[in-house]
Protein chains: 4
Amino acid sequence: MIRYLTAGESHGPQLTGIIEGIPAGLPITEDEIALHLARRQKGYGRGGRMAFEKDRAEILSGVRFARTTGAPIALQMPNRAFEKDDANWPKVMSKEGKGEDVDPITVPRPGHADLTGIQKYRYNDIRPAIERSSARETAMRVACSSIARKFLKHFGIEIGGHVTRIGSVGYERPWEDIRELVDPMLSGGAETVFRTADESEVRCLDEELSQQMRDEIIVRRKEGSSLGGHWEILVTGLPPGLGSFVHWDRKLDGQLAQAVMGTQAMKGVEIGQGFEAGRRHGQVVHDEITYEDGDFKRRTNRMGGIEGGISTGMPLIIRGVMKPIPTMLTPISTIDITSKEEKDTRYERSDVCALPRAIVVIESVIAPVLANAFLEKFGGDSIEEIEERYQAHK
Amino acid sequence: MIRYLTAGESHGPQLTGIIEGIPAGLPITEDEIALHLARRQKGYGRGGRMAFEKDRAEILSGVRFARTTGAPIALQMPNRAFEKDDANWPKVMSKEGKGEDVDPITVPRPGHADLTGIQKYRYNDIRPAIERSSARETAMRVACSSIARKFLKHFGIEIGGHVTRIGSVGYERPWEDIRELVDPMLSGGAETVFRTADESEVRCLDEELSQQMRDEIIVRRKEGSSLGGHWEILVTGLPPGLGSFVHWDRKLDGQLAQAVMGTQAMKGVEIGQGFEAGRRHGQVVHDEITYEDGDFKRRTNRMGGIEGGISTGMPLIIRGVMKPIPTMLTPISTIDITSKEEKDTRYERSDVCALPRAIVVIESVIAPVLANAFLEKFGGDSIEEIEERYQAHK
Amino acid sequence: MIRYLTAGESHGPQLTGIIEGIPAGLPITEDEIALHLARRQKGYGRGGRMAFEKDRAEILSGVRFARTTGAPIALQMPNRAFEKDDANWPKVMSKEGKGEDVDPITVPRPGHADLTGIQKYRYNDIRPAIERSSARETAMRVACSSIARKFLKHFGIEIGGHVTRIGSVGYERPWEDIRELVDPMLSGGAETVFRTADESEVRCLDEELSQQMRDEIIVRRKEGSSLGGHWEILVTGLPPGLGSFVHWDRKLDGQLAQAVMGTQAMKGVEIGQGFEAGRRHGQVVHDEITYEDGDFKRRTNRMGGIEGGISTGMPLIIRGVMKPIPTMLTPISTIDITSKEEKDTRYERSDVCALPRAIVVIESVIAPVLANAFLEKFGGDSIEEIEERYQAHK
Amino acid sequence: MIRYLTAGESHGPQLTGIIEGIPAGLPITEDEIALHLARRQKGYGRGGRMAFEKDRAEILSGVRFARTTGAPIALQMPNRAFEKDDANWPKVMSKEGKGEDVDPITVPRPGHADLTGIQKYRYNDIRPAIERSSARETAMRVACSSIARKFLKHFGIEIGGHVTRIGSVGYERPWEDIRELVDPMLSGGAETVFRTADESEVRCLDEELSQQMRDEIIVRRKEGSSLGGHWEILVTGLPPGLGSFVHWDRKLDGQLAQAVMGTQAMKGVEIGQGFEAGRRHGQVVHDEITYEDGDFKRRTNRMGGIEGGISTGMPLIIRGVMKPIPTMLTPISTIDITSKEEKDTRYERSDVCALPRAIVVIESVIAPVLANAFLEKFGGDSIEEIEERYQAHK
């Protein structure tokens, strides 16, 4: 079983991660991890922070001669802002002293973990909540997950995502239009999807919509507001039979849902047609079964590759929503936690729309879930051993 | 930490459940459990099976003199169909013998765990997949969760749900219309919602929509099709500070999402405005903070009671979608797993729309998640001990 | 991953268990489970309770036509004493009412969970602690584990145990003497050990020691005292490579130790030479490696089949200690929890020495641990699938 | 719930750890962690490696102004040998390249994870097994656990250990002699034990035995052999009521046993009298209950502070055995994994007896287990909150 922990604050010295349970013998390099970290840093709608980061995770253990050893893999990624920024982070974020000459932040921003963080942990200063709940943390989640993703790729399982809506701009028929556009791409593997989407500044597969999304972002930036949107992730190459119906917590869709909803700013998730399936009737929702070339297939894939909590062998389709970024230039009303006076939210440098970048995060966080389901099916401690079985199984 | 396991087949002798981790001293009776079991059995759109069931869970351990003891609580619920039905279930489902004169089921129904079950477990007969993946299992999940629900209720935390859409019939503005209707009810606690909804055959709070939903069901029944829809669950009385942002798997929304998506036929879940938040911009999505009577409040509750993975103290709003029932009178195309020939799905007695009943299931499955978050905050082994702390905390 | 929950009180209506995660297709019958339940009931040194019990676990789910289906398996075992005993257990243990005419037990017995149970759960009556902490619960643990044990047996992994000491009577050289006696038996599989030991009333492999142990029990019974002792469990057929050194909680010995020490009355556990290894020096403690017939072997097995937290392929040797039963005819001093007055412990019918019976319990509780380690290595959802791999692996 | 992961190889660039779940507001500094790291490095019987190490863990996250924030705490500890040693570790342990000019190690050392590591992970080179299974890893376990230990200390719970036997040298009556020596020390808290033991080069409380143990080590070093021994850990200040009898995996003794047996070279563990209890009879094994100054006490503490899997409030007594170090100057026989030829084990620089140092490791690894049991009882997210409850509880 693969598990991982991440640590680190947004303006602390570094992010740290440990991923444990990756079988031995998997080829992996820092460059492969850097690929998705770089992808995570690109996307229209970003604020000024981007200049500071050029993320690269350093492997500190668990890899020898470019292959995993089965031991826990530690990763670290320095926060360049820590040293270079003029905010004096080493002082503000010091692990020592009493912080006497550091002013506490006392005005919580709605939509962040600011107020809830204080209520939970009894902070006098919102700073620790800001620092740990920040989306900066997702960089390390991407790094750790990249290794699980490489494991999946080794067995022909590919993941790729794209943006389907930003604010008022999206596909007219969010199911049919996207299927027509995406499904033909999948024969080459789901990474075709992300490679195509990555060519768009907003990670949208449709050129015209991309332009409209860009315009929407410009408008909302001028207003001092922010935007979220909808996304879709595809996974190809999953064998049928991962997950199970026998107990609720073995269902693959439930496990995927937790991984997605455990990601900053995600407020909804659906599999296949999802919410649309509630608007239709049974005859047009289920996927007829066929048999071709020795394999069971489906005429359609409205269930999004999962039936009864188990993978069907069809592409996995997960969709969801990211809320608009809560940090906005135009303030909204809040309360100072110390004085209890009404205040405007103060502005912090921020993106206007983080969705294009978040695509990479969601692609990543589902990888350990899928890798665990795969490992439960095939077992084994080394790539060589798993591969023998996987070949025999096919 | 509360955990539970359920066991039992749809046409086996009984369902069995064990729930472990409930503190000592909680008042509980079989009648209280029976309440939600009975609610689960009511709802328009049911097929003939209803007549067989009159669910009542028998407590077999962990309760003495109408209070929990802290020990695991075993529950059992006989399947009346097992003995009385003319299908000879004792033979078909026998735990002994070789089943030589029981015909295997070889035609998988799309949308069920039939084909995936076979692919995973290498069955020659689909029956075991049908039996365990059946929604019948949710009866035991409701029974076990009812005890967690009673625990929450003891601390003033109430759960109530209602149907917001069946097929083409739903609220015009699914966020605003429902807020106007539901929010005023919540001052009396979220159980007001379910009590009101339970008066409608389709568990819809709006009378006119109820009638239209009923009509929609009649139409689709005649066509031999089926329906799903959308739902909303409210939770009131949750203190702020449950869940956390410090690690992805501690986020309350992620844990709730798994519980919901781990429930039969659920294909999507959202918190607060959910998918709608992706269509709007930041200024109209976040909830301004106020301070009244010594407490932080929010002017609105678009985030649905969770910020940064932590409860805000506002009502929790979870919404989701149930797909149409895959068992339909009008067949769709499939493949015989033995002969590999194309076949029509065979009909089994079934509901047309299970959503009204499923409301009770979803209300239930989130209860252990919330109870665990509450226990993590307050700790303790007996109701008396927890209550002292809870009172001191308030 | 296999997991299980047990429920039930010593004098409640029944014990209940659910075991989840057993692959599909494993042949299993109630008779096979009954075998170990019957073994658990036999043994010299028993008190009067034995007459009441004739344990047989009924399978309620998860098995069809004498094979597992992959679904959770529920088991129940009635407590015959509940109905037949003259103590009116239905009233004393009622799940309803207020228990007004049932006298609370207020005198805690040292060595039981009586006082700690009260301190933890704030009971006014010790009864619930007595009931759930009783060794009666181990009957259901044996039943659940028997299925994991059958799974292991299917792959040639056998478990067998014997008593090595009761009070002052034991082998003179607890390592060498036992090795000389036991190791030759293991070529036929570890079940030879239990079959041989079962022929002794005290489950001791040595006839003379058996007689002395019996005498020791007679002496201590007359004194109104009680006895514990030492035991050894052997496991043969384990492939090398189960467990791991890469993280502390993956070590097979650690997992086994928890299972053993999580069993009533066990106060110590050791692997291989165990404590004796601390008295010797390195040259005579480690096991030289040889290579015979294409396999790595060891000249000795002082490490007891585990090196670096991983199975070596040599027989597993786990040893431990059971404390004397705390319930004794001759009272010891304690305090009434209500009056705070000094009292003598009251006598409850009890065994004098439970160790011969406990052998079966310990054999059982390690089975799910080993089955999980095996499943992690080989993966898979059905016996057929696992068997293909296991054969390919050999 | 507290959990932690460690990563790092013995001769890799560094050890890394992440501990997650520590409540907010706990005062902690690197110096406090360094204290136990330094203690772990001291002890007679060490080989040459000691000169290289001067362990100090750097805190990288989760601590601000000398207090925890509730966020995961990352720690790193460089391996000085990596850069300074003449073995060219950067090349030997490179995470890149193909390792073509690095000779594989092919001769497994009995008693290490060398052969089992190869059998499990299919290595061609034993190096990765040597590196990760090394006791070097325990340095990071001590560092992570030190934070849990500080948490316990904050609530008056102290841990301290000492050596009770090295090879043939130990107390004559291992229970009575040690109780007479140790129990009087405990009124000042268990740290008195470690502070006293730390004054002995072999961490033995008895001066004469210390000298004999030192002599024993000298003799075995000359012979090229190695030694292990027995140890005892004491914990004072634990409130009654931690752990539970209601389910096997909630028993505190079982959880402690896994933590201990999950530590390198530990082959046995016992609570209280442990194995000795199997040699005695009931009248002299159990602890009579008394009532003094408003509290329940015990006349003796033979059960070692746990009854029925729950802490009694008496000092916790855990004892165990460490096997002799498998790396020895005088070789023993083994097999080359490539050529399958018989070989002598090659010598690597090593300690003769690691037990004095291991005391600190065992003191440490039980701390997260106890902290979790404490948190389950008292709940809460900040020290302030927990302290209010703890004071109210007392």
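Placed from the backbone N, Cα and C atoms, the Cβ positions cover glycine too.
Curation plays no part in TrEMBL annotations; they are all automatic predictions.
Features of the protein shown, as given by TrEMBL:
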- B:ARG40, B:ARG46: NADP(+) binding site (BINDING)
- B:ARG132, B:SER133, B:SER134, B:GLN264, B:ALA265, B:GLY308, B:LYS323, B:PRO324, B:ILE325, B:PRO326, B:THR327, B:ARG349: FMN binding site (BINDING)
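Here the features listed in TrEMBL are placed on the structure.
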residue	record	DSSP class
B:ARG40	NADP(+) binding site	helix
B:ARG132	FMN binding site	helix
B:ALA265	FMN binding site	coil
B:LYS323	FMN binding site	coil
Checklist entry - Which one of the binding-site residues (B:SER134, B:THR327) has its C-beta surrounded by the most other C-beta atoms within 10 angstroms? => result B:THR327
Checklist outcome for this item: Lowest 10 Å Cβ neighbour count of the binding-site residues B:ARG40, B:ARG132, B:LYS323 is held by B:ARG40
Checklist entry - Given B:ARG40 (NADP(+) binding site) and B:SER134 (FMN binding site), what distance in Å do their CA atoms have, once rounded to a whole number? => result 15
Checklist entry - Counting only residues 6+ apart in the same chain, whose Cβ is under 8 Å from the Cβ of B:ILE325 (FMN binding site)? => result B:SER226, B:LEU227, B:GLY228, B:ALA265, B:SER350, B:ASP351, B:VAL352, B:CYS353, B:ALA354
Checklist outcome for this item: Hits for chain A proximity (Cβ under 8 Å) within binding-site residues B:ARG40, B:ARG132, B:SER134, B:ALA265, B:LYS323, B:ILE325 read B:ARG132, B:LYS323, B:ILE325
Checklist entry - Is any of the binding-site residues B:ARG40, B:ARG132, B:LYS323, B:ILE325, B:THR327 near chain C, in the sense of a CB under 8 A from one of its CBs, and if so which? => result B:ARG132
Next on the checklist: Applying a 10 Å Cβ distance cut-off over all chains shown, what neighbour count does B:ALA265 (FMN binding site) have?
Outcome noted: 21
